[in-house]
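So the structure is just underneath, and the comments pick up after that.
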Amino acid sequence: MTLPLTPVWFVALPLLLAFASPLWVRLRLLMPLLVGTPAVLLLLALALLPEVRIAPLVETIVIAPPLGIHLQLDSASWILVALISFTGLLATAFIWLGDGESYLRDRRAFIFLLLLIAGCNGMVLTGDLFNLYVFLEISGVSAYALSALRRDAPALEAGLKYLLIGSVAAVFFLFAVVLVYLQIGQLNLAAIAEGFAGIPGPMQILIGLLMLVGLGIKAELFPFNFWVPDIYQGSHPVVAGLYSGFLVKAFLFVLFHLVFLLLADPGVAGAWLMGLGAATMLVAEVVALRQDDMRRMLAYSSLGQIGLIALALGFGAEATTAGGLFHMANHTLIKLVLFLTAAVLMRSFVSARLADLAGAGRARPLAAAFFVLGALAVMGLPPLNGFASKLWILKGFAEAGVFWPVALVLLAALIEAGYYFRWIKVLYEPRADLPEARAVERWGYAPIAVAAGLIVLLGVAPFLVDDLFIEGAQALLDRGAALSAVLGAGS
Amino acid sequence: MLAFLNDPGVLHGIVVLGTLILFFIGLYGLLAKRHLLKVLIGIALMELSVYLLFIGLATSPGETAPILSDGLRSFTHMADPVPQALTLTAIVIGLAVLALGVSLAIQYHRLTGRADVASLTELKEPR
Amino acid sequence: MHAVVDSLAMIGVSYVMGFLFYGFYRQFNARVQRRWGPTIWQNLFDNMKFFFKSETLIHGPMFFFGPMIIMAGAFTTVLFVPFLKDSDWLQGFSQYGNLILIIYLLVVGPLGNALAVGSSGNPFGVMGVTRGLTRLMGLEVPFFLGLAMVMLQHETASVHAIMAAQDSLAHWGIVTNPIAFCVILLPFIGSQHGAPFDVVGAPVEVYAGPRVEFGGRLLGVLMTQRMMMSIAKLVLLVDLFLGGATNILVLIAKAFSLFLLTTVISMVFPRLKTEQAVDFFWKVPLGLGVLGVILTVWLPSWSA
Amino acid sequence: MYHKTQCEGFQCEQAMLEVPGEAESIRQGVLERLVSWMRHRSLFVLAYGTGCGAIEMRPLMTSRFDAERFGIVGAATPRQADVLIVSGYLALKTLRRVIRSYEQMQEPKYVIALGSCTINGGMYWDSYNTIKQVDRYIPVDIFVNGCMPRPEALIEGFVALQGRIKNGEKGGYHHYREHIDWYKANQRKVLGDQIPPTYTCDWYHAGGVV
Amino acid sequence: MSAILRLLFLIVSLSPGLLLLAWDGSLSWTLIDGVRLSLTLTPLAGFFMVLLAVAAPLVALPMLRRPLDWSSLALYVPLVLGMELLLLAGDFISFFIGWEIMTWSSYLLLLRSPRADLETSQSYILFNLASAFLLLAGILFYYSLSGDFRIGPLAGTTFGQELILAVLLGLAFLIKVGTLPLHIWVPSSYDQAPDLFSAFLSGAISKMGVYGLILLLTLFPDALTSLAGRLLEGPAAGYLLAWIGVVTSVVATYKAIAQEDMKRLLAYSSIAQVGYITTAIGVGSSLALAGALYLALVHTLVKVLLFISVAGIVLQTGQRRFKDLGKLIERMPVSFFGVLIGIIGLAGMPPLPGFAAKYLIFVSLVDARWLLLLAAMILASTAAFIYCYKLIYGPFLGHANSPQAREAREAPLIYLVPQVILMALLVLFGFLPGLPVQVLIDPVLVALGMETIGGASWAELTTTYGGYDGVVLMLVFIIAFVLVTGIFLLLRGRMHRAGSPYDLSYAGEVPTEGTPLHYGAGMGRELHRIPLVGWILRRGTRGFYLGLAGQMRAAAALLGSLYVGRPQIWILIAVVVFAASLAAQSMLGGL
């Protein structure tokens with residue numbers, strides 16, 4: 001029997017392995033499979049890359065589109081899929097190697113982690129609106145459960161809060177899906193895109209706003225993102241790293257994918273999203289100034305970067321979009337380093353509070369060095385990868401002669417420096433009584449080191465990968481090509 | 001007596017009105033109630049209203065179930081099967097979410113003795 | 001050889017002029033105060049007495065080298081000021097220098113001496129030095145501004161060229177650029193340690209100021225350099241404003257008249273405190289200087 | 001520290017108080033005579049105003065008597081002074097400072113004692129805390145007696161001192177060096193441990209009596 | 001292993017010099033799509049590379065003193081390499097990359113000091129990043145004008161565009177050089193940085209701002225003149241820059257006088273010196289630029305020398321305040337000479353090259369007919385004598401005021417070697433003031449398309465206003481000094497040394513150890529009584545920036561109150577926003 005290399009595996013493999021989990025417990029294969037699955041998916045993604053670069057892969061399930069469900073792997077979604085797999089690999093490797101908390105290493109965590117990966121992959125790949133809703137809920141449910149995994153009061157609180165707000169988002173999104181179906185009678189995205197212009201204007205607005213609220217809550221845009229810091233703080237940092245690393249990226253991608261696909265002229269919606277992105281960025285960076293819990297601070301910082309990405313993608317120019325996609329990837333790497341470092345620090349010093357971490361840099365020099373590296377990268381300081389992508393975005397704005405986003409981005413970066421450098425300073429505080437540090441597994445640094453190495457590599461040599469992102473941006477922006485790939489050239 | 005219901009416009013109007021009322025009742029429960037279970041019930045009501053809306057608007061009077069049996073050999077005068085399938089899926093998902101929510105709420109209650117949504121104050125902005 | 005003889009002659013001339021002028025100053029001062037006063041040679045006597053004191057106390061090597069530096073600075077200053085124009089004699093090394101260099105050389109010595117004062121460890125001396133530096137800060141601004149106006153007028157910083165440009169009475173600096181002269185005059189008196197501004201070295205003001213620890217031969221050195229430095233400054237002003245001198249007698253006459261002017265001004269004013277002096281320099285001469293700049297530089301360029 | 005040596009008793013003391021007179025003038029070469037002449041024309045005065053004599057110094061220095069015509073001017077610090085004027089009685093407190101100032105002066109240096117109090121205590125002859133005879137503690141070159149002496153008398157004293165300087169006579173400072181033990185013993189007698197520190201007379205330990 | 005690493009470290013520190021010798025041609029590659037990096041070595045950058053080549057190894061050498069601080073050594077490497085990149089940059093992106101690497105690595109080096117506090121480190125990094133981001137904004141604006149990141153003159157731009165560009169880039173560089181309202185980060189960070197690193201901060205890093213300012217001039221076809229015409233004989237736009245520089249110098253000089261800590265004093269003096277350089281750049285003539293470059297050179301030499309000397313003092317005594325030191329001249333004679341030569345250079349006294357630099361600047365000001373600026377500059381430069389004197393009196397003269405100062409020993413050899421080298425360089429340039437002009441400065445002027453100012457020989461410094469001859473000046477002074485000393489020693493009479501430091505004429509009193517005889521701390525305090533100076537000294541910008549930070553925190557608290565931890569409110573807000581935007585859109589009339 002030969003297994004064809006199709007995009008279906010991105011969803012199917014983690015789902016199958018997750019549901020067969022009792023088997024793996026018995027066979028003591030839980031941890032190897034947990035790490036192995038994203039690794040295999042990453043390899044699969046790499047293997048598919050040459051094909052994807054030639055033309056988008058459309059994988060039909062049962063019936064051909066527009067009637068059936070299909071998965072579409074183009075250059076843009078490939079970036080997300082590879083990112084999800086890679087992030088999953090590093091995070092699970094950290095869980096395995098880092099010898100961490102037992103609740104992250106048991107069957108439930110295994111199931112939910114794989115479900116999260118499957119859900120996100122599905123969201124990114126699917127070409128069907130209702131399917132999108134399903135994957136959205138799969139990833140949502142697994143995320144709620146992951147937050148509550150620790151089963152103490154803060155974790156349960158985080159899980160509950162996440163569940164409440166997430167369900168509301170899902171209801172809004174479902175409402176939009178229902179309206180779309182009622183108006184067009186189609187669920188295939190390409191088909192909807194063709195028919196969307198025919199919907200009466202007020203209904204378009206209603207659908208758009210419903211989707212905006214639904215996805216905006218999930219994608220952490222400004223007036224809908226008040227839940228984020230609480231959830232990130234209550235969850236384990238590795239889980240928060242996954243949220244910040246690919247969950248929110250997947251939602252953001254879906255949001256912009258829908259915008260660019262459904263709307264013939266994404267100008268107005270893009271402007272709205274740019275505004276929301278700018279507000280998200282500025283508000284989050286300012287509020288982050290007063291945080292004294294590392295997880296919460298990182299949550300705000302993550303919000304800020306999401307805002308930046310929304311700003312870049314919303315502009316819709318090729319350079320900003322490519323830069324935005326690149327920044328997604330970079331931000332994922334950076335936040336992974338930061339959250340995993342936070343996990344190490346939390347395990348060493350029990351607390352993640354600023355006051356308790358004073359002088360930690362002298363007790364845990366490696367972890368602090370990774371934190372510094374991540375902080376420098378997230379602020380966009382060269383020669384790290386955050387700089388390359390920010391430069392790309394800003395260059396895109398400058399080429400278009402639009403300067404207010406440039407000013408806002410730079411201002412936000414300055415504010416961001418205000419709190420990151422405060423943390424760095426405190427980490428290296430000279431203190432006579434160094435805090436007591438509990439032992440951590442040295443192998444746990446390996447995934448962080450890999451991510452850190454990539455941060456530096458992508459910073460020094462972004463030209464290695466910039467083609468991918470340009471193609472991704474073109475795939476994301478080129479509505480006609482996307483439609484014809486699904487519906488055939490004649491449509 | 002209820003013949004006026006055979007007019008799709010009237011029927012759909014009633015459905016829209018009813019589901020919207022249901023939706024806002026759910027929203028009210030979600031926003032105004034403090035007990036966790038009541039809040040979850042609010043969410044469930046909102047979801048329910050969306051399902052009802054979907055089914056109600058996708059079906060017109062006089063359509064039969066989309067099952068090819070009992071001598072029915074063509075696809076005429078059948079309800080669109082897709083909304084029903086979708087709604088079934090959505091109900092399953094909604095149930096899963098609701099179950100997870102209820103279980104979390106119960107665990108929370110067991111752990112802390114509280115079931116008040118306003119008492120979720122462990123995680124908040126620093127003063 | 002010529003350079004050596006010339007240098008020695010310049011040093012000699014400036015020394016002789018120095019003690020004679022200051023001897024005259026003391027006698028003149030006494031007459032104004034209705035006293036008989038000392039002889040005109042009194043400064044020579046004082047100076048020689050100190051040079052031949054049989055005991056000299058020093059406070060470490062820097063204390064010794066300070067007066068040496070200030071003396072070397074005085075010699076260098078004298079050698080870089082041309083005494084005569086259109087002459088081979090009394091030129092020193094002035095063709096290798098310029099006006100700005102001379103102004104800075106004037107302060108080399110005092111700073112070297114300040115090291116010696118500090119090295120003595122006497123706080124009164126250091127207070128005196130600080131006052132001296134403060135006064136320097138006050139007077140240098142209008143002084144330099146005036147000189148800059150002269151430089152701008154002649155478009156050169158070379159003293160020779162400035163002298164050469166003043167070929168007749170009508171072209172004397174004091175005639176062609178009277179504002180600059182007025183700006184410079186009071187700071188010049190200050191830089192000569194003249195009367196209204198002499199709080200720094202005045203006896204019994206903070207215990208004799210910077211010289212509190214100097215005695216014996218070192219004090220003799222300090223007196224000598226002060227006299228020579230004063231003559232260097234006088235000659236410099238003669239060169240800049242009074243058209244220079246073609247022979248030694250003219251030089252003495254011009255320098256003496258200038259000296260007489262400053263002396264007269266000194267005698268009629270009471271002593272100012274340091275901060276008052278600085279404030280005065282920054283208000284009156286500097287204000288005049290700013291006015292001068294506006295009149296001689298800004299207005300012509302705008303009207304042009 | 002400073003210890004008594006050769007000399008004890010009244011006669012001895014008398015001998016010590018004899019300041020060398022004209023007979024001991026030194027043979028001088030041309031340069032020395034020139035220098036002496038310069039020196040006598042330029043006397044910087046450290047006026048130690050301990051008593052009423054200080055009042056008489058003002059008219060001396062100012063327009064009326066104008067000591068500057070003799071080359072006599074005031075000095076601010078002992079380092080620059082040639083002549084120390086002890087103008088009146090000395091108390092125990094002031095004696096200490098006068099001795100220290102004297103020792104800080106650079107040679108050649110001279111002392112003029114002004115008024116009767118410096119000779120024998122004058123009107124304070126029976127006071128418990130005044131110094132009766134200054135020349136037991138520092139060598140006095142010229143006494144100007146009177147209570148108080150007029151500035152004219154002081155000028156006369158100065159002229160006499162100038163004459164001695166011009167002739168190259170040995171000054172009191174030679175005597176101080178040669179008999180430092182005796183002076184120090186006397187100072188110790190009244191001042192106890194409060195006598196000025198040794199380093200002001202370091203030549204004493206160096207043995208370098210010129 | 002350790003030896004090899006140390007050797008590597010030294011090689012890196014020598015790399016600017018090696019680069020100068022070995023660099024030819026250029027390098028370029030694409031960073032990301034449309035951004036091409038290119039490295040060349042222009043003469044202007046070469047000049048600043050020389051400064052780096054002097055400062056980097058001389059600061060690196062004493063850093064190798066045991067016990068080694070490996071983190072500092074490791075951070076020094078990207079710092080030096082980043083600055084090399086910054087200087088080699090042929091385009092703005094590599095310039096910016098080098099600039100930022102310099103910024104963060106210097107910040108992390110600053111953190112190595114146990115004395116660095118939060119306020120200082122935050123102000124350092126925030127000001128420097130503000131500078132960097134302004135720079136980036138300027139670069140992007142430049143890019144939008146020229147369509148290319150390569151550094152070169154702009155053509156066909158409007159006055160408004162040029163003004164925006166000049167303001168953005170100018171502000172960036174002015175923050176870096178620390179001109180007046182933007183200087184607040186300089187003193188405290190120079191003070192609290194590791195002692196040796198302060199030398200590098202002041203000697204090399206601040207020069208990068210100067211490099212940037214000069215680079216800014218080259219962006220405009222006719223330098224500053226094209227911006228707003230001419231005023232008297234200089235560019236009108238430069239007049240403002242020159243006044244900024246001069247006001248900076250004046251204020252910083254008085255602040256320096258008021259300091260009671262050696263390193264803070266040096267920090268303020270750095271601000272003042274760079275203020276002169278800024279002024280000269282504002283004048284913009286060939287003379288003035290030569291003066292600016294010359295002063296940059298001298299300032300690098302002098303400040304590295306002074307900071308290393310001071311680092312030696314701090315190392316040996318553990319004290320850094322004037323009131324705790326004193327009389328080290330006998331205990332640390334080499335350091336004394338280091339500081340002596342340093343302050344002579346700093347004060348711009350002849351015969352050392354500081355005078356040559358000031359001479360060029362003064363003459364250029366006269367030449368531009370900007371006499372009021374000249375007067376203000378003279379004010380700063382004569383007031384500088386006071387702090388120079390304080391700097392040498394406080395630690396070295398007077399009386400030892402602490403047990404450590406009484407028992408200090410000379411700084412270790414590894415500190416003295418750089419000092420001696422720098423002293424030798426300064427004296428050499430004193431003899432040959434024309435040497436830097438002909439070798440280093442004239443090529444830059446040629447490259448900038450200006451007339452050269454080099455004279456006939458290395459000994460001469462010539463201008464249109466006349467010049468002077470360093471060899472003659474130095475020889476006359478030395479011969480006079482030798483003669484005077486010789487004659488003095490030939491005179492008859494006993495000369496002896498006081499038996500005790502307390503043998504002072506002190507009104508007959510006998511001062512003792514307990515008597516407050518050291519005038520180091522209070523020196524210059526009486527300047528407060530001068531109205532203008534008192535007015536300056538009473539003012540500061542710290543309150544303003546602290547207020548700004550407070551406002552920022554208040555804003556954070558205000559916005560943070562949005563992030564309440566209550567799900568129902570989140571949902572409410574979402575619903576309200578939804579409803580409101582729906583209403584708004586439908587009222588505005590649809591998509």
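Note: Cβ is positioned from N, Cα and C throughout, glycine not excepted.
Per TrEMBL, the feature transmembrane segment maps to A:30-49 (among others).
Sequence annotations record features per position, and here TrEMBL assigns transmembrane segment to A:77-97 (among others).
Residues or ranges marked as transmembrane segment by TrEMBL: A:109-126 (among others). Residues 7, 10-15, 17-19, 21, 24, 30, 33-34, 37-38, 41, 69-73, 77, 80-81, 84-85, 88, 91-92, 95, 103, 132, 134-143, 145-146, 149, 242, 246-247, 250-251, 253-254 of the same chain sit 6 or more residues outside the transmembrane segment (A:109-126) yet have a Cβ under 8 Å from a Cβ within it.
According to TrEMBL, the feature domain 'NADH:quinone oxidoreductase/Mrp antiporter transmembrane' maps to A:127-414.
Marked as transmembrane segment by TrEMBL: A:132-150 (among others).
With a threshold of 8 Å between CB atoms, the same-chain residues lying at least 6 positions outside the transmembrane segment (A:162-184) that come near it are 129-130, 132-133, 136-137, 140, 143-144, 147, 191-192, 195-196, 198-199, 203, 206-207, 210-211, 213-215, 217-218, 224, 227, 231. Annotated transmembrane segment per TrEMBL: A:162-184 (among others), in sequence order.
Annotated transmembrane segment per TrEMBL: A:204-228 (among others), in sequence order. When Cβ-Cβ distances below 8 Å are used as the criterion, the transmembrane segment (A:204-228) is approached by residues 136, 140, 161-162, 165-166, 168-176, 179-180, 183, 196, 248, 251-252, 254-255, 258, 269, 272-273, 276-277, 279-280, 283-284, 299-300, 302-303, 306-307, 310 of the same chain, each at least six residues removed from its ends.
The transmembrane segment annotation in TrEMBL covers A:240-263 (among others).
The annotation transmembrane segment is assigned in TrEMBL to A:269-290 (among others). Residues of the same chain lying 6 or more positions beyond the ends of the transmembrane segment (A:269-290) and with a Cβ under 8 Å from any Cβ of it are 208, 212, 216, 220-223, 225, 255-256, 259, 263, 297, 300-301, 303-316, 405, 408-409, 411-412, 415-416, 418-419.
Under the heading transmembrane segment, TrEMBL lists A:297-316 (among others). Outside the transmembrane segment (A:297-316) by six or more residues, the chain places 219-222, 225, 228-229, 231-233, 237, 240, 244, 248-249, 252, 256, 260, 266-267, 270-274, 276-282, 284-285, 287-288, 291, 323-325, 327-328, 331, 335, 338-339, 342, 378, 390, 393, 396-397, 400, 402, 405, 408-409, 412, 416, 419-420, 423, 476-477 with a CB less than 8 A from a CB of the stretch.
The feature transmembrane segment is assigned by TrEMBL to A:336-354 (among others).
The list of residues near the transmembrane segment (A:402-422) in space but at least 6 beyond its ends in sequence, with Cβ under 8 angstroms from a Cβ of it, reads 274, 278, 281-282, 285-286, 288-289, 291, 297, 301, 304, 307-308, 311, 315, 375, 378-380, 390, 393-394. Residues or ranges marked as transmembrane segment by TrEMBL: A:402-422 (among others).
According to TrEMBL, the feature transmembrane segment maps to A:443-465 (among others).
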For the transmembrane segment (A:240-263), which partner among A:30-49, A:77-97, A:132-150, A:336-354, A:443-465 gives the most CB pairs under 8 Å? A:77-97
Same-chain residues at least 6 beyond the ends of the transmembrane segment (A:132-150) with CB under 8 Å of its CB atoms are 11, 101, 103-104, 108-109, 111-113, 115-116, 118-120, 122-123, 126, 156, 158-160, 162-163, 166-167, 169-170, 173-174, 177, 189, 218, 231, 234-236, 239, 242-243, 247, 250-251, 254
